[in-house]
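In what follows, a single structure is set out as structure tokens and then discussed.
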Amino acid sequence: MSINVVAVDDHDVALVGIRSVLEGSEVCNLVGGFSDVDALAEFLDGPGAPKVDLALLDLRLGDDSDPYVNVTRLRELGLKVLVFSAMESPFYMRRALLADVNGMVQKSVDVSELIGAIRTAAAGNTYATSDWASLIDSDPLAEAIDLTERQQEILVLYASGMTADSVARATGLKDPTVQDHLNRIRRKYVDAGRRANTKVELYRRAQQDGYVRGPLDH
């Protein structure tokens, strides 16, 4: 049985390429291409909409939408989700991973790899071939340190420009507690060989690890 696929990508050339690849496959059928998740949701809500099994999702869309929100919405629509992107942004990758995608595929992979990933994800499994492992190993997120949820929250707020006092008010913690968390975060980075003594250095670490947006993520 053919796998019904939709593609969410704001580049017409990419959509044309995806259609060309999938039309040459006996496994997949491209139902449609959409510039954003809103357009896809409207299509699926329309009369006579076909059953769709999986969405190919680009991480960076023209509407500047959050990959976490996009993956979550696609899941709520009953779709499996396979990220098909250039993978240039640790921030966007982390957001998609947090939403529990079925896998990530670089746009540079060959056709057989893409079709194989689609088949795996459409079956409800996680695309985890050797190439997937290689992608994770080669990505900056592989160097991310292990932070608790509270430490991640504090790092995001502090690295986004808030003072320690403001972070304390926002989280309901006492000032010394916030300072202790910041010291622990810095120590973890330093122990990993990554300088984080100043606020600027800590911002750079947070950016590299995908906790906050980088210059190219806006």
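Just so you know, glycine gets a Cβ as well, placed from its N, Cα and C.
Database features (TrEMBL):
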| type | residues | note |
| --- | --- | --- |
| DOMAIN | 4-122 | domain 'Response regulatory' |
| MOD_RES | Asp58 | 4-aspartylphosphate |
| DOMAIN | 140-210 | domain 'HTH luxR-type' |
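Taken through DSSP, the domain 'Response regulatory' (4-122) splits into 51 helix, 25 strand, 43 coil. Averaged over the domain 'Response regulatory' (4-122), the predicted model has a pLDDT of 92. Cβ contacts within 10 Å of Asp58 (4-aspartylphosphate), excluding its own Cβ and spanning all protein chains shown: 24.
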